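Visitor: When I checked TrEMBL for this same protein, it listed these features:
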type	residues	note
COMPBIAS	A:1-10	compositional bias 'Acidic residues'
REGION	A:1-39	region 'Disordered'
COMPBIAS	A:14-26	compositional bias 'Low complexity'
COMPBIAS	A:27-37	compositional bias 'Pro residues'
DOMAIN	A:46-113	domain 'RNA polymerase sigma-70 region 2'
DOMAIN	A:143-190	domain 'RNA polymerase sigma-70 region 4'
Amino acid sequence: MAEVPGDAEPEPSPGAAHAASPSRFPSTPPSASPSTPPSFDLAAAFDEHSGALFGFAVNALRDRTLAEDCVQETFLRAWRARDQFSADRASLRTWLFVIARHVIIDVQRSIQRMPRLVPADVLDDTAAAADDPLDRLAVIEGLAKLSPEHRAVLVDVHLEGRSYAEVEATSGVPVATLRSRSFYALRAMRDHLTERKGRNA
Amino acid sequence: MPDASGARRAFLISGAITGELTTAELAELDTLRAADPTVEKELRELTDVARVTSATLSDWDATAPSKSLRGRVLAIERDSYSDLRTDSTSDARADSDSHSDSYSDSDTTAGSTAGSTNAAVVPLRRRPWLLALGAAACIVVGAGGTLLLQPSTPSAPTGPPGTLGAIEQIAFTGEPSGVSIDGSLVAHTWGTETLLTITGLTEADPYDVVLVTLDGASLDSGSFLGSAKEIDCAMNAAVMREAVTSVQIQDASGAVVASAELPAAS
């Protein structure tokens, strides 16, 4: 057997770059009293997760303004429901993505109800290959949840069709690392899609 | 950290998925497959994931949101506490006023309750795309098909009138004999969506959907044509649900064909 590449990626951490911070949510419902505001750190949550949530929304909707509205709506709903969050059941990141998914679905449904007036460029990409809009959304959500490094290799290699050698030439990341990242990113995508399919079944 | 064989396995499988293995690596993978049946299974699964992913998207928008978004989101918290403070000192406020504070920064295009003295706000009120869509669109569906108006997910929002994203059933009165109107509202951060399912209105006659606000202003939420078939409409208006007191359907002369009075929203 050939030698193992020396700079192979560590065991899967495709989403580790954005690991959730459940401690930022209180495990008990916050007080409604204005003198003892709840400890949900909205700014920290935004700083840590807004990029991924925006990536989810903008790639699902292909409209930056709509996507920003979705992110804002996501944090608004999270803020209003913060006393319902339990870190024992899901991470903050997972919870925010669930909210964002519902917001995006709401927006997509609103768009679908307005077929004559939606600008064509809004929908050009939203009618892509996946037959079921939820399947498409699941793929985009899975990609959005990956770390930037793992997502980048999937985009470069599997969406844009570049070879690992070509990506190495432009990024400086060795082929062995890229192939390792690709493997673990695909694994994370597989697990995500399996989980989503199970929920949608 | 993966062991050496695990890392090599990952290296070979990812290379095989894109067809970039050397002859030596192909032989090595074949040996690995023969020794470990999970290699074949995982190769097949991940190849399928790669295929689905590439079939779904052709590129990825990796840009960041605008810097202003952070301020808009953080305003949610600020305004929430402002609301709490306001509420705690305004017990005697009339119900009809109790929701106008969240509307008080509204753009003048809404022609609404800008006179409120309660200043707590959430900054997002409307977006250009909403105005572009504001004229509404209608779908005439055949006898066999009616578009779903209910939340598609089990955890879709529910709650009292004004709950963001929740569907609020409304009841129309005054419609002519033979006319059926089922209506719902959805409160959004950017305004109010009106969902209508209508039968019996005069075919090809134009009708307007109008939202009446607390201060008596009438906001056009869109128009549609009567049809012999069932009409399924979704219309948007740049006014917050809290500020809407009734929904009217008017004919071309401005006469009210049917009206739904709304409860106060929170």
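The backbone N, Cα and C atoms fix where each Cβ goes, glycine too.
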Visitor: According to DSSP, how is the domain 'RNA polymerase sigma-70 region 2' (A:46-113) divided among helix, strand and coil residues?
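Guide: Across the domain 'RNA polymerase sigma-70 region 2' (A:46-113), DSSP assigns the residues as follows: 57 helix, 0 strand, 11 coil.
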Visitor: So what pLDDT does the domain 'RNA polymerase sigma-70 region 4' (A:143-190) average out to?
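Guide: Mean pLDDT for the domain 'RNA polymerase sigma-70 region 4' (A:143-190): 96.
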Visitor: For the domain 'RNA polymerase sigma-70 region 4' (A:143-190), what does DSSP give as the number of helix, strand and coil residues?
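Guide: Helix (H, G, I), strand (E, B), coil: 39 helix, 0 strand, 9 coil.
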